[in-house]
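What follows is a short report on a single structure.
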Amino acid sequence: MNYKDTLLMPKTDFPMRGGLPNKEPQIQEMWDNDEQYRKALEKNKNNPSFILHDGPPYANGNLHMGHALNKIIKDFIVRYKTMQGFYAPYVPGWDTHGLPIEQALTKKGVDRKKMSVAEFREKCKEFALKQIDIQKKDFKRLGVRGDFNNPYITLTPEYEAAQIRLFGEMADKGLIYKGKKPVYWSPSSESSLAEAEIEYHDKRSASIYVAFDVKDSKGKVDSDAQFIIWTTTPWTIPSNVAITVHPELNYGQYNVNGHKYIVAQALSEAVAEALGWDKDSIQLEKEFTGKELEFVEAQHPFLDRVSLVINGEHVTTDAGTGCVHTAPGHGEDDYIVGQKYDLPVISPLNDKGVFTEEGGPFEGMFYDKANKAVTDLLKEKDALLKLDFITHSYPHDWRTKKPVIFRATPQWFASINKVRQDILDAIEDTNFKVDWGKTRIYNMIRDRGEWVISRQRVWGVPLPVFYAENGDIIMTKETVNHVADLFEKYGSNIWFEKEAKELLPEGFSHPGSPNGEFTKETDIMDVWFDSGSSHRGVLETRPELSFPADLYFEGSDQYRGWFNSSITTAVATRGQAPYKFLLSHGFVMDGEGKKMSKSLGNVIVPDQVVKQKGADIARLWVSSTDYLSDVRISDEILKQTSDVYRKIRNTLRFMLGNINDFNPETDSIAETNLLEVDRYLLNRLREFTASTINNYENFDYLNIYQEVQNFINVELSNFYLDYGKDILYIEKKDSHKRRSMQTVLYQILIDMTKLLAPILVHTAEEVWSHTPHVKEESVHLSDMPKVVDVDEELLEKWNTFMNLRDDVNRALEQARNEKVIGKSLEAKVVIGNNETFNTAEFLQQFNDLQQLFIVSQVEVKDKVNDGVSYQYGDIHIKHAEGEKCERCWNYTEELGSVGELEHLCPRCQEVVKTLV
């Protein structure tokens with residue numbers, strides 16, 4: 001007889017190889033055909049909701065790993081919440097306005113000047129919608145589930161109308177105003193920028209020290225003294241109208257070889273060193289506070305203009321001279337302090353950053369090129385004390401990567417000052433996973449200036465503002481709501497297709513327009529106002545959603561971006577934050593922590609990972625990251641992830657193979673009748689389940705990744721599944737011992753598949769489809785396992801046993817090295833007490849020790865004379881006695897000797913008898 005045919009070997013159609021790149025699209029097609037998203041919502045429609053509001057990615061370009069990290073974690077969250085019984089809709093969104101799309105069209109050869117604004121905007125819209133289709137397909141390929149057939153898009157008429165109404169409410173509250181202020185201006189984009197659109201890069205700049213003659217000393221300083229200022233923007237000197245000193249700082253008039261200079265005393269040594277003064281030739285002649293210097297008049301170095309000495313709290317002693325060159329047209333602090341002294345705001349540059357006629361001798365020069373001309377003129381006037389060059393961190397346009405300037409222009413602003421404290425209070429009421437997240441957004445709101453919401457572009461939502469014949473601003477509830485209604489019906493392009501009069505309510509009149517003529521604003525809104533209105537345009541308008549959202553989750557750059565603009569508009573109009581909980585993730589770097597770039601050849605993109613390895617590998621990688629900080633990815637890291645995936649898959653496959661003849665309805669053993677080892681594993685499963693559920697609740701996916709591996713490797717592979725082979729393959733099919741183990745194996749398989757489902761979405765579905773007797777059609781329509789109390793006493797007892805078993809394994813390994821045995825079934829374990837542990841008494845509580853140790857024989861004694869002492873006993877390994885059973889390979893002294901049952905142990909004889 002071929003005894004192999006009598007073994008109950010694992011049977012399953014679940015393949016060992018994942019073949020994910022080919023299999024996943026088939027699973028996704030099945031989900032779409034089955035309308036799984038709709039069914040998941042339907043299942044929980046009467047339950048409490050959980051709303052994760054999607055921050056809209058920009059509809060331009062292919063997905064990068066940051067997109068994948070973001071969308072996959074969102075999918076973890078929403079799928080988990082759904083399996084916990086929450087009504088958890090997920091509405092993906094896209095941000096569609098702004099300069100990058102205008103630039104993309106220009107690169108494609110679209111000439112803006114050859115068409116109307118409305119026609120160009122139509123092309124922008126077509127481009128954005130095509131980009132959305134591409135990104136949508138790629139997001140779905142990552143296994144992300146959501147309402148992709150009905151996403152929110154910031155260019156749709158209903159969204160734009162909601163944005164206009166929100167703007168109108170802010171205007172009603174006096175939070176929208178027009179003013180001439182210095183704002184970040186990008187000559188390369190020819191537009192103003194918000195703080196969120198600024199990034200810092202190193203830039204080489206001129207560093208100059210300039211002397212300003214005293215014109216009117218007011219009897220405080222010598223009339224032949226000079227104030228020294230320091231600046232890295234020589235091109236702003238033509239706009240200088242003041243020198244700012246700190247009222248409480250001490251200043252000195254220093255005589256240096258007959259020249260008299262005024263600087264802050266705390267900076268005198270640094271200035272002396274910078275200007276190369278001989279220390280022995282420096283004399284402090286006079287001392288005064290900054291307050292005493294107020295209203296002294298200096299002379300502009302080359303213009304017929306007074307430079308007034310004023311006081312400002314923003315002056316520091318970190319660098320420079322303590323006498324700050326002040327040009328209100330080119331600096332926020334300068335502007336604010338200038339307002340107090342009613343200083344003129346001079347800003348002689350055009351939109352391209354070129355000097356206008358107001359710039360005098362510099363007319364027609366690009367501001368950066370004017371640096372040399374200004375410096376040369378200062379030198380000619382003997383006002384230049386030092387010219388040097390420094391490399392420093394400087395603001396750049398985040399899209400064009402070109403330097404920006406501060407430039408005073410007429411702009412529209414949303415007031416932060418009026419709602420700042422309310423926003424800070426709302427942040428206090430918001431929950432954060434990490435304290436630094438709260439600190440970060442709190443400090444940004446606390447320190448930010450007024451929000452410039454106007455942009456001098458065409459692809460965006462128009463500012464719904466009209467002007468009367470006399471220049472009066474018209475921005476009333478009636479006019480704004482009328483524009484909103486028009487946008488909702490026709491889209492915002494109507495603003496560029498119709499005259500102002502046609503966009504106003506019928507019969508509208510205004511005292512400032514006696515002839516009934518009106519003009520309309522040509523600026524559009526900052527794109528951060530677009531996405532920052534999503535709580536109104538999406539949460540409050542989609543019937544399946546609600547305000548405020550339970551969670552906003554985006555990259556950490558959104559503390560200054562979407563998180564910031566959203567809470568500003570929500571607090572301004574609704575008096576509360578649009579989110580209850582705020583969570584962020586870091587950026588994706590290469591394997592060495594460097595930024596990915598084509599030049600370094602270290603770029604990995606989602607499409608490549610999905611095609612080569614599969615979306616589940618990308619998702620498992622995401623779960624393996626500490627996403628709160630920057631994360632790393634490389635081919636080597638993905639290879640390690642694939643190895644972990646293979647281990648998980650093979651473990652699930654082993655369990656599937658060994659429950660193929662098990663029906664939980666008819667074959668399950670009641671928990672009280674399970675073998676104790678099986679009850680131990682059931683309790684370990686419950687511990688693992690409770691920990692995993694807790695980790696999902698706290699968004700701790702790295703913990704899940706590590707604990708899944710630990711449970712699979714330590715509890716299952718290294719012990720239970722290995723121990724179980726002797727039972728599952730060898731015992732009689734429906735023996736109590738085998739059914740007891742299958743009962744627990746089935747439970748482990750079901751629960752593990754559910755617990756892995758939010759992460760390994762495709763693999764979990766595949767496992768589910770191969771699992772016999774499951775009730776739900778999809779694992780994603782099932783519920784998470786319930787958290788159940790564990791038997792602490794049982795766990796404590798078996799945890800001690802597992803430690804003892806580790807000692808036995810060490811002894812077996814030693815015996816293997818010494819060639820006493822080969823495989824562990826060739827061993828007889830002799831074990832007894834040591835000085836610290838009563839091994840013999842402890843082991844009396846356990847049956848079938850030879851199976852638990854995976855050896856042929858175990859002898860427990862009080863004392864083992866020739867044993868090696870381990871923590872849990874003295875152990876001696878001998879070769880097993882007797883001969884090897886040809887069916888189970890255990891050694892015994894009771895082999896059968898006749899007929900069919902020859903060379904079988906008594907247990908195998910009993911089993912085979914029933915098969916013959």
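Start at 1 and count along the chain as shown; that gives each residue its number.
Heads up, the Cβ atoms here are built off N, Cα and C, so glycines get one too.
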Annotated motif ''KMSKS' region' segment (source Swiss-Prot; candidates 135-139, 220-224, 595-599): 595-599
DSSP-derived class (H/G/I helix, E/B strand, else coil) of CYS905 (Zn(2+) binding site): coil
Using Cα positions only, nearest of the binding-site residues to LYS598 (ATP binding site) (GLU554, CYS885, CYS888, CYS905): GLU554
Reduced DSSP assignment, CYS888 (Zn(2+) binding site): coil
Packing count at GLU554 (L-isoleucyl-5'-AMP binding site) (other Cβ atoms within 10 Å of its Cβ): 21
GLU554 (L-isoleucyl-5'-AMP binding site) versus binding-site residues CYS885, CYS888, CYS905 - nearest by Cα: CYS888
Non-site residues, in chain order, whose CB comes within 8 A of the mean position of the CB atoms of CYS885, CYS888, CYS905, CYS908 at Zn(2+): ILE730, GLU886, ARG887, TRP889, ASN890, THR892, LEU904, PRO906, ARG907, GLN909
DSSP helix/strand/coil residue counts for the motif ''HIGH' region' (57-67): 3 helix, 1 strand, 7 coil
The motif ''KMSKS' region' (595-599), counted residue by residue under DSSP: helix, strand, coil: 2 helix, 0 strand, 3 coil
For CYS885 (Zn(2+) binding site), the number of other Cβ atoms found within 10 Å of its own Cβ: 24
